[in-house]
Amino acid sequence: MANKPSAEELKKNLSEMQFYVTQNHGTEPPFTGRLLHNKRDGVYHCLICDAPLFHSQTKYDSGCGWPSFYEPVSEESIRYIKDLSHGMQRIEIRCGNCDAHLGHVFPDGPQPTGERYCVNSASLRFTDGENGEEING
């Protein structure tokens, strides 16, 4: 795991929602994320450590209210944790580099993987493939 900034540094540099989601395993309200409707070509990175997580070509509209992807950039980019909270059985996804909470993965996505990586915008930074512009979720 990468060296992660201290909680004080993160609180100073992140919005309340970004801190809540990435550090406290929170979930942003559905249909509110800044990157939900982003359709530009580029790469979605971890907001905390900037590790690449998802290519825009794997993003799709699942209708669930959070950015959805069917595949990460690599197996190493995501860490999978069994999550039994809230009376449900789910698989939590975290950044494979810094362990920031991203969201959950579900087995109801499109082909070719059949998986839906349901990710909080607040855990992501998008880098535009054409002009390099960065947008924090």
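Quick reminder: no glycine exception, Cβ is built from N, Cα and C everywhere.
Listed in Swiss-Prot:
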| type | residues | note |
| --- | --- | --- |
| DOMAIN | 7-129 | domain 'MsrB' |
| BINDING | C46, C49, C95, C98 | Zn(2+) binding site |
| ACT_SITE | C118 | active site, nucleophile |
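Averaged over the domain 'MsrB' (7-129), the predicted model has a pLDDT of 96. Neighbours of C98 (Zn(2+) binding site), defined as other CB atoms within 10 A of its CB across all chains, total 19. Cβ packing within 10 Å was compared across the recorded positions C46, C49, C95, C118, and the lowest neighbour count falls to C49. Residues of the domain 'MsrB' (7-129) grouped by DSSP class, helix first, strand second and coil last, total 28 helix, 40 strand, 55 coil. Separation of the C-alpha atoms of C46 (Zn(2+) binding site) and C118 (active site, nucleophile): 14 Å, rounded to the nearest whole number.
Distance from the CA of C95 (Zn(2+) binding site) to the CA of C118 (active site, nucleophile) is 13 Å.
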